[in-house]
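The next block holds one structure in the form of structure tokens; read it before the comments.
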Amino acid sequence: MVDGGGGASDLLVIFGITGDLARKMTFRALYRLERHQLLDCPILGVASDDMSVGQLVKWARESIGRTEKIDDAVFDRLAGRLSYLHGDVTDSQLYDSLAELIGSACRPLYYLEMPPALFAPIVENLANVRLLERARVAVEKPFGHDLASALELNARLRAVLGEDQILRVDHFLGKQPVVELEYLRFANQALAELWDRNSISEIHITMAEDFGVEDRGKFYDAVGALRDVVQNHLLQVLALVTMEPPVGSSADDLNDKKAEVFRAMAPLDPDRCVRGQYLGYTEVAGVASDSATETYVALRTEIDNWRWAGVPIFVRSGKELPAKVTEVRLFLRRVPALAFLPNRRPAEPNQIVLRIDPDPGMRLQISAHTDDSWRDIHLDSSFAVDLGEPIRPYERLLYAGLVGDHQLFAREDSIEQTWRIVQPLLDNPGEIHRYDRGSWGPEAAQSLLRGHRGWQSPWLPRGTDA
């Protein structure tokens, strides 16, 4: 991990420190940073819960202990950094108290683990008491609900912050294989030579989850799969898979290339999209009985530029599918049917598969000859085995935010472009197709790939059933 050069933060202020994200992710990431001696500032929590610092420390330990074996010395160092302010974040008087607690800190990082509707009010209140002059502000997705709301949110943030002060957190951008994509593509000539329309015939991106909306019914019913994962996670991954090489190492160099991809994509065609909903979804607490919210979405898109013109890209994501897996699959073009080949029949196309979750890794599928038939051979690499223990996404993102490294965060123009791309599907969502839990989604999704390779069974870790 690199220092972004903007100066390290001397205070971390977490709005919503008693919330679900802090319990599941943030405290664990802070603990791991402390363990690796990468945490070097006080932590001030802000939330509406009336609790003491001692109660916050106890709650933090319980949160970390859910997934980590706690080293008392490490935790004691982390606990010593914690302080707490309780109050209503919409009350301007809270920010006077906050200013007193911040004191002489000159480069705070404000991490807003709050509902998106509170982002702008919090930032505007911070500006009113002059707490933003050298600060950075991290905001969690979703960044808006549609194109219009994203434009409004960005305008309100930019009225009091420079773009270099805003960190838009999408945890997918902190995942090891997503970070590695740039290096895999451009540092390996064997891959770089194949990575265009001349060698690749189509691209599939799958994000499957083997669970439902659980206790998030009310939230999810207002969002759906398109907003929840496609507009952000999967389009960001698509950009990294297809972008041109950056001309330098800065965050803007990387984000410029991602933005070029988005600009080359037309708004999605509702006729090339299939929406699904698993049976039983409307029985979940918080979900409307007549809900037409999608828990599954599959779509086709293309990138109209020199490298990718004519290459179809298929994206699917859904809940209550047979397995939990996220992967990118690239199909290479077939070799011709030549006389020496078995039965003069060409082999199946080679495939390059990048598994993002779980057990990140890379697979090259090639063909071999056995007797008078073809056989697929899989050349597999596990990043955990070959590269060592991965840095967890929130650990990576928190550290990047603290040192001012913007490479792992989404930029304003990319957010607006991705909303532009999906907006037609929000305006004209179309029919909802029901599907059984444990299936790979509605049958109608197969029609998107007519004349192409069809949805493939994902590459699952050894011993995983689907």
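Quick reminder: no glycine exception, Cβ is built from N, Cα and C everywhere.
In the shown protein chains, 22 other C-beta atoms lie within 10 A of the C-beta of His233 (active site, proton acceptor). Annotated active site, proton acceptor per Swiss-Prot: His233, in sequence order, evidence recorded as sequence analysis.
Taken from Swiss-Prot, the feature NADP(+) binding site applies to Ser48, Asp88, Val89, Lys141, supported by sequence analysis. Long-range neighbours of Lys141 (NADP(+) binding site) (same chain, six or more residues apart, CB within less than 8 Å of its CB): Arg168, Val169, Asp170, Asn232. Mapped onto three states, the DSSP output places Lys141 (NADP(+) binding site) in coil.
The substrate binding site annotation in Swiss-Prot covers His171, Lys175, Glu209, Asp228, Lys319, Lys324. Look at Glu209 (substrate binding site): DSSP puts it in coil. For Glu209 (substrate binding site), other Cβ atoms within 10 Å of its Cβ number 20.
Within the set of binding-site residues (Asp88, Asp228), the lowest number of other Cβ atoms found within 10 Å of a Cβ is recorded at Asp88. The local packing around Lys175 (substrate binding site), expressed as other Cβ atoms within 10 Å of its Cβ over all shown chains, amounts to 24. Sequence-distant neighbours of His171 (substrate binding site) (same chain, 6+ apart, CB under 8 A from its CB) are Met25, Pro393, Tyr394, Leu397.
Note: Val89 (NADP(+) binding site) has non-local neighbours Phe15, Val46, Ser48, Met114, Leu118, Pro121, Ile122, Asn125, i.e. same-chain residues 6+ apart with C-beta under 8 A of its own C-beta. Non-local neighbourhood of Lys319 (substrate binding site): Glu209, Phe211, Gly212, Val213, Ala225, Tyr278, Thr295, Tyr296, each in the same chain, at least six residues away, with C-beta under 8 Å from its C-beta. Binding residues for NADP(+) (Ser48, Asp88, Val89, Lys141) extend across at most 22 Å, taking the greatest CA-CA distance.
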